[in-house]
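Comments concern the structure below.
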Amino acid sequence: MATAAVKKGFRAGLWEYMTTVDHKKIAHLYLGAGGFFFLLGGIEALLIRLQLMKPNNNLVNEELFNQIMTMHGTTMIFLAATPLLFAYMNAVVPLQIGARDVAFPFLNALGFWLFLFGGLFLNLSWFLGGAPDAGWTSYPSLSLRSPGHGIDFYTLGLQISGFGTLISGINFLTTIITMRAPGMTFMRMPLFTWTTFVASALILFAFPPLTIGIFFLMFDRLFGSKFFDVTMGGNTIIWEHLFWIFGHPEVYILVLPAFGIFSEIIPTFSRKRLFGYSSMVFATVLIGFLGFMVWAHHMFTTGMGPVPNAIFAVATMAIAVPTGIKIFNWLLTMWGGSIRISVPMLWALGFIPSFVIGGVTGVMQAAAPLDYQLHDTYFIVAHFHYVIIGGVVFAIFAAAHFYWPKMFGKMLNEKLGYITFFFFFIGFHLTFFVQHFLGLMGMPRRVASYLGGQGWDLYNFISSIGAIMMGIGVIVLLINVIVSSFSKQKVPNDPWGDGRTIEWALPSPPPFYNFKQIPLVRGLDAYWLEKMEGKKELTPAEPLGDIHMPNNSIMPFIISLGLFIAAFGAMYNPLNQVGDGKPWGVPVLITGLAITFGTMLLRSIKDDYGYHIHKEDLIDDTEKGAKA
């Protein structure tokens with residue numbers, strides 16, 4: 001009977017997560033799926049470094065190496081970093097602004113399932129003929145001439161997951177604009193909410209160019225169009241422009257929320273208000289604005305000419321200014337503060353010098369003559385990873401420790417957290433700092449092997465040892481998560497003791513309706529203000545009343561499943577350029593689209609008014625909590 005109960009409990013829990021529209025549970029889904037893809041991308045990275053550990057290595061052949069290298073970059077950017085940040089956005093932003101959910105709960109769930117099915121479709125390529133092999137940027141003509149369906153998995157998978165990201169960006173924008181609690185003006189919003197807001201605006205404008213470019217590439221490969229075929233009047237440089245108009249804002253889509261996370265952690269563990277709040281807000285907005293003016297610095301070597309090169313070089317140098325403002329404000333926040341070292345603060349302290357190294361090497365690349373020498377060498381690999389790992393991944397790990405008690409009601413183990421930090425931090429610098437020297441010595445990126453005796457051997461060996469250390473750090477983090485999940489501890493509302501924003505006034509984890517009464521925000525760092533006045537709770541902005549909540553729905557899952565099915569039909573349609581069209585291709589395509597659009601039609605004509613939690617039930621919950 002006990003076994004049956006466990007099975008029933010598992011099925012009920014699985015159904016709950018498949019149908020949920022609760023932003024907190026969707027955060028759990030993003031965290032789990034993003035964590036899975038992060039591990040997958042990490043395994044691919046380890047295979048790359050093991051292959052390059054010594055000259056003339058044959059751990060994997062050149063064809064497989066190209067696939068691993070392509071999938072590592074694609075997985076880490078699109079399927080790991082972005083959804084892991086979305087996990088924290090979903091978990092924290094509605095709480096920080098005093099909302100009971102996001103503006104569009106149904107679309108929030110749809111965004112997740114689109115991302116997941118797109119990511120699964122892309123990774124099925126490993127089992128169905130081979131993964132994409134043209135690099136994570138998939139430049140034509142490499143991608144046009146790539147044999148097999150690897151690039152088709154790339155275009156269709158990223159298209160599906162990209163729709164989910166775009167939907168989520170629109171949702172966060174709408175939520176922050178329309179659902180702030182009374183008194184929560186824009187200039188009282190926490191920095192993490194601000195960076196989420198600007199990153200969501202970047203998503204709104206950056207993803208459409210990528211969507212268009214992928215459509216062009218998809219039609220070239222699946223239906224025989226000639227957008228990028230230079231022999232038929234196409235232009236491959238158009239892809240580079242479309243990709244990088246998305247690609248460079250994507251860096252800030254990732255980095256800005258990371259900045260927001262550290263802007264929450266550093267004041268908390270410095271016991272001090274964030275220095276220069278207004279300048280931090282304006283620097284965030286300026287970074288978002290300038291992020292759309294620098295994309296062609298990736299294309300200095302394409303022959304744009306001296307005038308475009310000069311314009312984009314100046315813009316690239318200019319974007320360092322607002323980033324520098326943030327660095328100095330974080331340092332000045334700590335200056336004179338009562339700093340308490342904990343795992344989240346360790347990641348913040350490690351982030352600042354690491355990201356500065358990435359920023360300085362980036363400004364170096366703004367000089368077009370230097371870029372001509374270093375383009376497509378390991379110097380670029382080192383720079384990019386110092387920005388993405390030193391900025392984004394450090395923030396993801398810091399937020400895992402910082403927000404874990406708020407999300408799950410349990411604390412991650414501090415000792416294991418220290419072990420993770422030191423293994424990952426030391427391994428990271430061992431891996432990528434020496435790659436600057438490899439680039440200066442002329443080692444090109446994306447090579448599957450190299451000859452000995454060129455001075456590269458020792459640096460590649462050190463880099464690979466560092467990658468193994470990073471892998472050990474991630475394994476320790478996994479152990480930490482598993483160990484803490486069995487913990488019986490009860491976590492208070494504010495487990496760090498110095499929380500400043502209103503999410504720390506809520507139970508850990510919060511109830512499914514978040515707030516019994518929407519709070520009144522009386523200033524910046526609203527919860528800190530209440531604590532300074534001796535209050536343990538937020539000031540309510542409304543009397544206790546019934547709460548309206550949305551119904552769960554399986555429709556987001558079905559809509560996404562339909563596109564997943566349709567993608568197989570599109571890939572195997574009789575016009576595909578691989579030449580292996582199947583007679584079932586078009587019927588499967590039509591069936592999948594019918595499932596998707598039929599479900600959308602059903603959603604549009606079916607009344608769904610949600611439900612209400614009655615005031616009396618809320619009072620009962622309060623009394624039960626008091627007795628407990």
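Each residue, glycine too, has its Cβ placed from N, Cα and C.
Database features (TrEMBL):
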DOMAIN    9-522  domain 'Cytochrome oxidase subunit I profile'
TRANSMEM  68-90  transmembrane segment
TRANSMEM  102-128  transmembrane segment
TRANSMEM  153-179  transmembrane segment
TRANSMEM  191-219  transmembrane segment
TRANSMEM  242-262  transmembrane segment
TRANSMEM  274-298  transmembrane segment
TRANSMEM  310-332  transmembrane segment
TRANSMEM  344-364  transmembrane segment
TRANSMEM  384-404  transmembrane segment
TRANSMEM  416-438  transmembrane segment
TRANSMEM  458-483  transmembrane segment
TRANSMEM  554-572  transmembrane segment
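As a quick check, the transmembrane segment (242-262) and the transmembrane segment (384-404) clear the bar of 3 or more Cβ pairs under 8 A, pairs 6 or more apart, so the two touch. Outside the transmembrane segment (554-572) by six or more residues, the chain places 18-19, 21, 106-107, 109-110, 112-114, 116-118, 120-121, 149, 152-153, 156-157, 160, 163-164, 218, 222, 580-582, 584-600, 602-603 with a CB less than 8 A from a CB of the stretch.
Per-residue pLDDT, averaged over the domain 'Cytochrome oxidase subunit I profile' (9-522), rounds to 95.
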